[in-house]
Amino acid sequence: MAHKHGHARERIQFANAEDKQEFSKFPTKAGRRSLSRSISQSSTDSYSSAASYTDSSDDETSPRDKAQVNSHGSTDFCVKNIKQAEFGRREIEIAEQDMSALISLRKRAQGEKPLAGAKIVGCTHITAQTAVLIETLVALGAQCRWTACNIYSTQNEVAAALAEIGVAVFAWKGESEDDFWWCIDRCVNTEGWQANMILDDGGDLTHWVYKKYPSVFKKVRGIVEESVTGVHRLYQLSKAGKLCVPAMNVNDSVTKQKFDNLYCCRESILDGLKRTTDIMFGGKQVVVCGYGEVGKGCCTALKALGAIVCITEIDPICALQACMDGFRVVKLSEVIRQMDVVITCTGNKNVVSREQLDRMKNGCIVCNMGHSNTEIDVASLRSPELTWERVRSQVDHIIWPDGKRVVLLAEGRLLNLSCSTVPTFVLSITATTQALALIELYNAPEGRYKQDVYLLPKKMDEYVASLHLPNFDAHLTELSDEQAKYMGLNKNGPFKPNYYRY
């Protein structure tokens, strides 16, 4: 049969029973425990994270049990396989091509090293693109210790490449919940090294430091947080008077909002769904829960391919925008029976409940584009009467007693990072914003930032955008002195008042 050869494998419907054995099924409790660890060994692995060179015969020893050393004799890291560093280096070099803004930031600031003395502990997705950010921070003088904010999104070979150049990385693809917190702990709690800056995505690192090592905050000059979820947690801390250092919310900086949440999701939603399910979108009934920037991006793309899209929303302003863009605004419980695809992007929890999952039709695809994995009530699906069947990497069929199947992608975690790739250019914008926020907080004079959550100054936002314009050969028009005076502006910006909505 053809399925010994390369990628023909995923496409072939397995005819005989032995072939099916290859895809583990998870009907039993014991099987379920290993669910998060056993990212399917099928060849789909090689296309789930762009170009993961993870050999399919990879041994199942946990990286925590392996002693590894990089070529400089350091053992201060924990990755899947340090020998993959060379592959990872190539991935990083490819990513650099599309991240020219960070490279030019390196060139401009290399002399003055604005992060000299900074000890940054970071918790983000570990991909070739974040590696370019980490290496930029190192080039600007910082020491970094890094861990992953998502158990599935790490590119093993990239983590190896970072460990090879001496960054203390603790991450691998397919960590268990326990591994996840162990990695964060190893980053923060280390002899003779104390962080003075935190870069977080999702707030888990900040949460862990608060819970376990509150004394670390005596030294920390600031936290930079890049996700809706993490920012929400910071505002809650601030409200309760528990935030003891300044924090920079880069999620709501204009460039990050528009690019990461709108333009990026517009492309990656289709990518993630196609790679996992090969679905044809024309004529499909799709419901998108939430019409914020992510929801808007998803809807634009789905509509363009001929899907029939409706949305759910709690906010009357977003709902009105959806109506004006030509989408029906509905309640999920009213339409759930007719839907072919359900996509969540609210940042909230239990948006799709067990009761709604019970009412879905056979073959309905359910996935999440929000940050946290709480939007779909996945825990309620791990019950004895339902059978889990792993069909390929990141795709589970959940089978009801009557034979109905619901297709769950990435176990309800972030679809575009677990099942596809995010365009490098978009990540370049986010990463440049993070780098500037770190520089700003680290170098800010005493008293400029109090113990509160701040937005990135608009001047910096404009600087991030201007660093990316050369990619498009775009030329800005300059104001004349007379025009600047007439508008009451500085010729070099900022060009808009703080309340301006782009």
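Cβ coordinates are placed from backbone N, Cα and C, and glycine is handled just like the others.
Here's what TrEMBL has on this protein:
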- 1-72: region 'Disordered' (REGION)
- 9-23: compositional bias 'Basic and acidic residues' (COMPBIAS)
- 36-55: compositional bias 'Low complexity' (COMPBIAS)
- Thr127, Asp201, Glu226, Lys256, Asp260: substrate binding site (BINDING)
- 261-422: domain 'S-adenosyl-L-homocysteine hydrolase NAD binding' (DOMAIN)
- Gly292, Glu293, Val294, Gly295, Lys296, Gly297, Glu313, Asn416: NAD(+) binding site (BINDING)
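Cα to Cα, Gly295 (NAD(+) binding site) and Asp260 (substrate binding site) are separated by 12 Å.
Distance noted between the C-alpha atoms of Lys296 (NAD(+) binding site) and Asp260 (substrate binding site) is 12 Å.
Cβ-based crowding with a 10 Å cutoff singles out Gly295 as the top-ranked of the binding-site residues Gly292, Gly295, Gly297. Here substrate is bound by Thr127, Asp201, Glu226, Lys256, Asp260 per the record. The longest Cα to Cα distance in that group is 18 Å. Packing around Glu226 (substrate binding site) is summarised by its Cβ count: 27 other Cβ atoms lie within 10 angstroms of its Cβ, all protein chains included. Within 10 Å of Asp260 (substrate binding site), judged by CA to CA distance, lie the following binding-site residues from the set Gly292, Glu293, Val294, Glu313: Glu293, Val294. A Cα-Cα distance of 23 Å separates Thr127 (substrate binding site) from Gly297 (NAD(+) binding site).
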